[in-house]
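Lifted from Swiss-Prot, the feature list:
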BINDING   Gly33, Arg34, Ser35, Gly36, Ala37, Gly38, Lys39, Thr40  ATP binding site
DOMAIN    1-231  domain 'ABC transporter'
DOMAIN    292-361  domain 'Mop'
Amino acid sequence: MSEVILQLQKRLGETQLDVDLRLPAVGICAIFGRSGAGKTSLINLISGLTTPDVGEIHLAGRTLFSSSQGIQLPIEQRKIGYVFQDARLFPHYTVRGNLNYGVTDADPEYFASVTRLLALEPLLVRYPRDLSGGEKQRVAIGRALLSKPDLLLMDEPLASLDMPRKKEVMPFLENLAQHFRLPILYVSHSMQEILRLADHLVVLEQGKVLSAGPIEQVWSSKAMRPWQSFSEQSTLFSATVAKHHQTYGLTQVRLAEDVWLWVQQVEADVGSSVRMQVRANDVSIALDKPTASSIRNILPARIVAIEHQQPSKKSVSLKLELAPHCYLWAVVTEWAHAELALEVGMPVFAQIKGVSVAQRDVILTN
């Protein structure tokens, strides 16, 4: 499948939405930003609910909109599924009726695949009034998938659900993109949802793209600083489970070539891919490698950037290079920064307790 190509502009009151993006053809791309940043407006332009002032929209090798060529495909020809914040089910139809609404080419095998993935089979004869919020959203997702879209748009689909219902729906969302091999644009203001679900991240601010790319890259960028206080700053890694230490309940993961980390035991097979979060506050710095220490992870690194927090906080953020294109953030006090005379380019050792990275910080991605 081809990339999703978005080059468009739209005046939104006092805000000018101006986007130039190439998004992956498979996986979940989160659209993140403050209220009013243009997140929902962007996906409404893609869907055809609203029209760009100027620009291009290309999906799966097709042109959906082109102001220069005079192309504007109607909504029903765009092959896009849309899941709203509220499920928008028809109350007088059963779940089966809602799922089949608008389906013009019945495919029993595909219907069975969708209902099985979303665990909808026991609900097919029920009506929306008899469903929980999480069940309604699963039906809405199923209805969108049954249109066999080239792209799935999701506008804060979990925002109206309480935490137990969010936990109910989240595993289904994790499986969607890979199972159906399609791109999903997922609007959210929840950092927890993004951490768990997103492969790719776009940060919008007042209609402009501040940062876009793989989530591990964008998560550590300056674009995310307004949402991450120094106490919450962290690094995301795509890692591979290397081995388990059954005696001590630890798992070793591979972050990069010759970069390994011991963490609390991960319930995953050796060779599994995981996404792992390491909090900057859990990383300490030493100038010399300790010879006797309880800390299980002592990694050679090089300081590549230093950021000072506002003076009242007396903290310093250090960007450490562990290997080419493999970086780790650490937060130290101004006192430690001064006493160790830390400078960009200096070789150091990053220390991370094995118990500081727990099961909640590791997400299985395959």
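Keep in mind that glycine also has a Cβ here, set from the backbone N, Cα and C atoms.
A map of Swiss-Prot features onto the structure.
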residue : record           : CB count, 10 Å
Gly33   : ATP binding site : 24
Arg34   : ATP binding site : 14
Ser35   : ATP binding site : 7
Gly36   : ATP binding site : 16
Ala37   : ATP binding site : 22
Gly38   : ATP binding site : 25
Lys39   : ATP binding site : 25
Thr40   : ATP binding site : 19
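Computed over the domain 'ABC transporter' (1-231), the whole-number mean pLDDT of the model equals 92. Taking the centroid of the Cβ atoms of Gly33, Arg34, Ser35, Gly36, Ala37, Gly38, Lys39, Thr40 as the ATP site, the other same-chain residues with Cβ within 8 Å of it are Ser41, His189, Leu204. Secondary structure at Gly38 (ATP binding site), as computed by DSSP, is coil. DSSP places the residues of the domain 'Mop' (292-361) in helix, strand and coil in these numbers: 15 helix, 35 strand, 20 coil.
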